[in-house]
Amino acid sequence: MVAVIIKGNEVAEKKRAQLKEEVVKLKEQGIVPGLAVILVGEDPASRSYIKGKQKGCEQVGIYSELIEFPDTITEERLLAEIDRLNEDDRINGILVQLPLPKHIEEKAIIERISPKKDVDGFHPINIGRMMTGQDTFLPCTPHGILELVKETNIDISGKHVVVIGRSNIVGKPVGQLFLNENATVTYCHSKTKNIKELSKLADILVVAVGRPKMVTADYIKEGAVVIDVGVNRLETGKLCGDVDFENVLDIAGYITPVPKGVGPMTITMLLHNTVESAKRAGFICK
């Protein structure tokens with residue numbers, strides 16, 4: 001058996017086409033979704049990520065605004081800019097590109113963004129709503145992962161999901177999203193002693209640890225859905241995930257590649273959240 005490859009780039013394109021249609025309808029009602037992105041400093045990786053977000057906005061018709069500051073900006077000045085954007089009716093989503101300089105407290109910045117414009121889904125209020133199963137902005141990468149699994153048409157309810165990784169951005173929230181879908185969820189992390197044995201029990205395995213090709217065939221239950229969130233660059237310059245793709249291909253039922261797997265879905269769900277925010281601001285029902 002050879003696994004079915006879940007092509008995240010194709011799923012993302014399909015969802016962006018749907019978003020584009022929604023944006024056209026919103027514009028007919030005088031509503032233009034707007035996203036503001038704040039970049040502090042000149043980190044090349046951050047600038048690259050932002051270009052992807054700007055391209056996505058352009059693709060679906062979202063107005064985007066890039067606000068740049070030097071890495072010497074004070075926390076007080078950055079907070080003031082967020083306050084301004086919170087009050088700007090043209091802006092439905094505010095995103096501060098992380099990481100920030102060490103003298104700025106990321107927690108304070110994230111919590112200053114209005115929960116109504118927190119399209120990254122990082123604000124504690126939105127995290128709390130997600131935990132309790134309420135309608136809210138879901139964190140983009142976990143939401144993208146859930147959508148990719150749904151593309152397999154597998155009934156998530158009752159399945160055993162194992163998440164390797166416990167970051168606040170991916171690991172913790174993705175487990176909660178699967179729990180909200182009535183899955184049984186097990187978390188594994190650096191202190192878990194029997195990761196291999198636990199992961200082999202997974203109907204759905206999500207790996208997000210940042211260790212190249214850590215997960216091999218002996219971690220995988222036959223026919224499992226394997227979602228690889230890791231993006232690692234080898235000495236050869238080639239990108240690879242946390243899963244040894246070729247090694248796992250013959251035992252998994254479904255698997256995401258790296259690249260063109262989870263990555264394209266992250267930006268797509270950011271666009272989705274921005275459009276949803278515009279609908280809420282304009283009181284447009286789904």
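Backbone N, Cα and C define each Cβ position, glycine as well.
According to Swiss-Prot:
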- GLY165, ARG166, SER167, SER190, VAL231: NADP(+) binding site (BINDING)
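Sequence features, as recorded in Swiss-Prot, placed on the structure.
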residue: GLY165; record: NADP(+) binding site; Cβ within 10 Å: 23
residue: ARG166; record: NADP(+) binding site; Cβ within 10 Å: 17
residue: SER167; record: NADP(+) binding site; Cβ within 10 Å: 15
residue: SER190; record: NADP(+) binding site; Cβ within 10 Å: 9
residue: VAL231; record: NADP(+) binding site; Cβ within 10 Å: 16
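With GLY165, ARG166, SER167, SER190, VAL231 listed as the residues that bind NADP(+), the site has a largest C-alpha separation of 18 Å.
The DSSP secondary structure for VAL231 (NADP(+) binding site) is coil.
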